[in-house]
Amino acid sequence: MVNSLSRILFCSLLIFSVISLREERLETAPITDDPWDLDGPCQKYVEKLAVVQSEMVACATNWSIPPVVCTKCFQNYINFKQFEYETKNLNNVYSLDNRTCSQVIYDNYLLSYSTDISKALTSEIWEKSRCDSCITIKWNFPQNKSEVSFSERTMQFQNRMYEWRNCVVNYTSGGVLDDNLTNGSKICNLCKTTFDELFGYYWKIYTTPDVDFCVDVETTMNDTIHLWDDVWKCAEKQDRNRDLFGIMITFGTLLLLTALFYAASYIQGGGETRRLIQYARLSDPHGQRSRLLSSGMSDADLVSRVSPGSSVLYNVPIHQTR
């Protein structure tokens, strides 16, 4: 029985070793073993580029509600741009037809999926999110030591956001979505100061010309306002009444200005209604003037109407008297 167990164990170990060796060979086998793969030496670089691109896509998708890709995915973006730089400088690695791998990846074919995906990640995600307004990346591709720094206004916003959230957590014992968070409750009163400071700072930056926040800050602030006003009902009725009163004052002012405008126009006109001339009822013009103004009369016709014995001379063009 001991021999049987030994054989079974030995066979199991042998099978496991064969499977492991096969998987290891598949993972480490050079792509150039395929004689039909013209670009075999470049394939491993494309595979690694695909990995960093997919990691950036996954991070952006995971942090898309709300979109906070700038503050959550900056390291993935750096990794992606770093290896993109490396693939564009593969000048010492060649395909089987002696083209550099950089040419193979980016210039060798009618379509370059690597280029299209890289452009989409850069322009459609990073740049459209205005990440440069919140984050500054000091690129150092040759040394692979790029550094990240957050802008001062972004840090100030995050600090105020943390202060407000800490206030909410402290008074709710960690249960942020507490049933008692209704209008007039303690949390709305105790954390109103920190919320007003947060919103005041955001609004100051938002209304400053030529100064932008990244999308991360804008969407985070919008969600915070909805949470405070609509979910927790912390918006004061006095604030809402003040807004309604302001709208009514504006509307009343517009009506008053319109009435004054028409009153001033009536007074300047002497209080009389304007008389409109109906040209359709006027009689047709008569006499010699109508004949002179007739569009069908030429200079030659005018001369022919003068009697032969008349002493009146007309300056008629030569080409019309011949």
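Glycine too: its Cβ is placed from the backbone N, Cα and C atoms.
Quick look at what Swiss-Prot lists:
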CARBOHYD  N62  N-linked glycosylation site
CARBOHYD  N98  N-linked glycosylation site
CARBOHYD  N144  N-linked glycosylation site
CARBOHYD  N170  N-linked glycosylation site
CARBOHYD  N180  N-linked glycosylation site
CARBOHYD  N183  N-linked glycosylation site
CARBOHYD  N222  N-linked glycosylation site
SIGNAL    1-20  signal peptide
TRANSMEM  244-264  transmembrane segment
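Here the features listed in Swiss-Prot are painted onto the structure.
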residue : record                      : DSSP class
N62     : N-linked glycosylation site : helix
N98     : N-linked glycosylation site : coil
N144    : N-linked glycosylation site : coil
N170    : N-linked glycosylation site : helix
N222    : N-linked glycosylation site : helix
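Considering only the glycosylation sites N62, N98, N144, N222, the Cβ with the fewest other Cβ atoms within 10 Å is that of N98. For N62 (N-linked glycosylation site), the nearest neighbour among the listed glycosylation sites (N98, N144, N222), judged by C-alpha distance, is N222. It is 23 Å from the Cα atom of N222 (N-linked glycosylation site) to that of N170 (N-linked glycosylation site). Put simply, N170 (N-linked glycosylation site) is 42 Å from N144 (N-linked glycosylation site) when counted between their Cα atoms. Here the CA atom of N170 (N-linked glycosylation site) lies 66 Å from the CA atom of N98 (N-linked glycosylation site).
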